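These features come from Swiss-Prot:
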type	residues	note
BINDING	ASP34, ASP87, GLU159, GLU161	Mg(2+) 1 binding site
BINDING	ARG71, GLU159, GLY232, ASP234	DNA binding site
BINDING	ASP180, ASP182, ASP234	Mg(2+) 2 binding site
COMPBIAS	364-384	compositional bias 'Low complexity'
REGION	1-105	region 'N-domain'
REGION	123-254	region 'I-domain'
REGION	338-346	region 'Interaction with PCNA'
REGION	349-384	region 'Disordered'
Amino acid sequence: MGIKKLTDLIEDNAPTSIKTNILKNYFGRIIAIDASTSLYQFLIAMNADVSSALTNQLGETTSHLQGMFYRTIKLISRGIKPIYVFDGSAPVLKSGELAKRQARRKEAKENLKEATEVGTNEEVQKFAKRVITVTRKQNEDCIKLLTLMGVPIVKAPCEAEAQCAEIVKKGKAWATGSEDMDSLTLGSTVLLRRLFFSEAKKMPILEFELQSVLEGLGLTQDEFIDLSILLGCDYCDSIKGIGPKRAIELIQKHKSLEEVIKHLDKSKYPLPEFFPYPEVRELFKNPNVIPADQLPPFQWKDPDVEGLNKFLVEEMGFSDVRVAQGIEKLKKFKNTSVQSRMDSFITVIKKPEDPNDKKKKVTKTPSKPSAKTSKKSSSTFKRK
C-alpha cells in the first residue's frame, strides 16, 4: 500500500526532510521491517529472468528464502537489529484495490505468455515482474527461516506497515523499513526506503523524518493524513483532476477534507462514487494493530544450526557450504549487533550555573576572522 506521488511532493516541498545514507551508518539501530514488501523485492530481483528462477528439487520457488537469508545476514553484519513484521488480513476497505491488482495480474499473465513466445527479453522481464505475488506459503517459509536464524518476528492482525509504525511510535524500534510511503501517514517517526536494494546498484538508502516532513509541508499530522487520502491510497479512489500540487494547496488552505469538499467546484472536480474518506481517515489514525506494550520483549537469539541445515539444505536444496558460511557470519556478528549506539544511552547534563560567575569579568582579546570559510555539507536527497 502506498500514497500516490507523495515522494515527489515531499521532494518538491520539503526536500530537507529526505536524507541519503548507507547501511553501515545504522549500526545499533532497531528497525521494524515490513516483511511483505521485502519479500516482493526479493522475488522481483531474483525472478526477473523467469528462466533462472531459484527452485528446490520439487520445483518450489526458493528466491524469497535466498533473499531473506542473505539480506538479513547483511543487516546483522552491519550491526543492525531487524524485527520482521508480517501482514495479517487486509482491511475490508482495501478489497476494491485488491480486486484491481488481481485483474492487472491476470492481464499481465496473458501478456507474459505472449511475450515468452514471440516477444523480446525486455518484454518478458517487464510482464514477469507484474505477475509476481507473495503467497501464504512463502510468508510461512520466511517466518520459519527467521525463527531458526534467531531474528524476532511479529504477525500483525492487519497491515504490516501499520504494526511497524506502532512499534516505532512507542519507541520499541527506531525506524520502519518499507517501500510504502503510507508508513509516514500511519505515524512512523522515521521511514527508511531502499533498505534491501543491492549495494551494487549504488543507490543510497532514503531516510524520511516525519516531523521534518510535517514542518516542511506546513501541516499537522491530521492534515497530512487528509492530504494522503486526497493524493490517493489503497482504501479509496482519489478525486480526478487533483494532482499533488493542487492537493497540498487545498489542504494548506482549508485544513481538512470536509472543508476542501465544501469549497470544491464539483462540476470541475466530481467526487468518486465511492469516497469513504472519514472511514479511511480512521484507519490511518487508529489502525488494527497489537499495542506495542503488549508485544513480548524482542530478542535476537543464537541461530539454530541443526534446524537451518535441515530446512535450507535438506528441504530447500541450498548449498551446504554457503549455508555454513552464512551461519558463521550470523554467529560472528550477533554480539556486534547487540551492542548499543553511544547516542542511545549518553545523556548530556548541563552544569549548574555558579551565581558568582556573573560577578567575574572576563576580558577576551577579539580574534581575527578566519580567512577560510567552511562549506555546509548536505545529505538531503535531490532528484536528478
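Cβ coordinates are placed from backbone N, Cα and C, and glycine is handled just like the others.
Structural mapping of features recorded in Swiss-Prot.
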residue	record	Cβ contacts under 8 Å, 6 or more apart
ASP34	Mg(2+) 1 binding site	VAL85, ALA160, GLU161, CYS164, THR176, GLY177, SER178, GLU179, ASP180, SER183
ARG71	DNA binding site	SER38, PHE42, PHE196
ASP87	Mg(2+) 1 binding site	ALA35, SER36, ASN139, ALA156, CYS158, GLU159, ALA160
GLY232	DNA binding site	ILE3, LYS4, LYS5, SER238
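Counting only the Cα atoms, the space from ASP234 (DNA binding site) to ASP182 (Mg(2+) 2 binding site) is about 10 angstrom. Each of the binding-site residues GLU159, GLU161, ASP180, ASP182, ASP234 was ranked by the number of other C-beta atoms within 10 Å, and first place falls to GLU161.
Counted over all residue pairs in ARG71, GLU159, GLY232, ASP234, the record's binders of DNA, the longest Cα to Cα distance measures 32 angstrom. In the three-state DSSP scheme, ASP34 (Mg(2+) 1 binding site) falls into the strand class. Here the region 'I-domain' (123-254) returns a mean pLDDT of 90 for the predicted model. Per-class residue totals from DSSP over the region 'I-domain' (123-254), listed helix then strand then coil: 70 helix, 17 strand, 45 coil.
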